[in-house]
Amino acid sequence: MSPRRLIDTFMRRASTSSASTSFSSFARWSSSAASPQRRFAVVGSGPAGMYAALELPRAFPGARVDVFDRSPAPFGLVRYGVAPDHAETKLVTNKFHETLTTRDDVRFFGNVELGTDVSLGELYDSYHGVVLACGTNGDRLLDVPGESENRGVVGARAFVAWFNGDPEHGPSSATHFAIEEALMNSVDAHVAVIGVGNVALDCARILLKDAEALAGTDICEHALEVLRANPVRSVSLIGRRGVAQASFSPKELRELLNLPRVRVVMSDESLELAPEDELELKESRPRRRAYEAFVKRASEGECATAGGCAKTLHVRFRSSPLAFGGDAGALRWMKLGRNEIIGEPGARKSVSSGETETVPTALALRSVGYAANPIEMRVQDTSASALRLPFDGRRRVVPNRFGAVTRDASSDAEEIPRLYVTGWLKRGATGIIGTNLTCAEETIAKMSVDFAENPPSDPIASGVDGLLSDRGVRVVSARDWSVIDALERGRGADRGKPREKFVSIDDFINALDDAT
């Protein structure tokens, strides 16, 4: 069977649950014969990029993989996006760490940003194939008055990055200042968490949990100090639709609802179900279990802790922020609108009831979804290809066909040879960490089929090592990362924590210089 017919066969099977396994199996089969050594670049060292780096040598025996990341530290949203009290979720980094530090066929280029330190065209000219796995670099906006004018309206992603030590939101950043200003300068600050997904749950839980219960985690010391000194007493969890449409994972929801000494306030109306809602819950076991968790918690009374409750969680379904206001840029209040839910099962939507309420608010965390933005090429491009990356502004992804980047988002768009994408930049901000494995398998298998059908010529450039050196880029290697990792673990041990992260680029580089 020809490669073209083989790929058509696999594409027809892509809607089945075993599609990614079929792709991966074919990739290894099609590349198992003796083949020239390939060089690949993977941009991004989060789960999507690391799974791609693991798959490439399997699909292309003898391949060498260079993994680039704009952060000096690898592992992306596992390091900077997973809540510190969910350490078990971060265990996947053990495998990723081993890949970077023990394998000769995989190299790490940390502190190298695509578009700032190296262009896409320069990577394209230097490797047989390029896989983009750099995720999403923004979040979706509410698009209401006062959202951008008040410092205290912050993306949940930035808040998570603040307590996880992401250098992008480090001590010198505007979001770092805004978060600490809101929490430290407000007496009994009320925080609004806007959204009904697991990131919203993480934000609410970290705010309401006793700070001492976080002291033994890898939460950054600056965040722990703020939460200790100015414990948040009141958090609202706000969803524009009803309880039946909330997308919380039941386990994470129960964890929040059962926090010690936290009063949970929700109206009887918020738990009422229309017949259409009941049908939706019948079709979704996770949503049904989440609803049951709300009902169970409501039956226990607002305060279910002996000795009383010190903090309060307000659950506000059928509510939408309409405006934010403040004083000299500091957030002071949020205007909420009450909604009614209409529509058929599976297509329920919110419409305004006309009722409004003004709620004193010091910090509003926007958690309505992550979204990618186009990658800007600010660096002077010395490549022969001068390649530009297409972007689908409607879906906020790089247009692709099973991971092969296409020139535009149309169904018949031409594929750009040797350029691929995986992870959130490929499919949008959906799925769990493990979803990135099947996503990477599909992309690398598509690459394997493409290379079998049209073997690429050798790159016209020998690599980017010299280019980065000439530009004065301080590349953080896998060996450097091992030093940083040991230093962070040592700093954490002194505080009774798994690690104490470096939270700025300067901290990383200075620590490396002092250690070498």
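Cβ from N, Cα, C; glycine included.
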Per TrEMBL, what member of Leu77, Leu142, Leu467 joins Ala48, Leu114, Trp424, Gly431, Ile432, Ile433 in binding FAD at one site?
-> Leu77
DSSP three-state call for Leu114 (FAD binding site): helix, strand or coil?
-> strand
About how far apart, in whole Å, are the alpha carbons (Cα) of Trp424 (FAD binding site) and Arg241 (NADP(+) binding site)?
-> 25
Helix, strand or coil: which one is Leu77 (FAD binding site) in, per DSSP?
-> helix
Inter-residue C-alpha distance, Arg240 (NADP(+) binding site) and Gly431 (FAD binding site) (nearest angstrom) | 22
Look up Arg240 (NADP(+) binding site) in the DSSP assignment and reduce it to helix, strand or coil.
-> coil
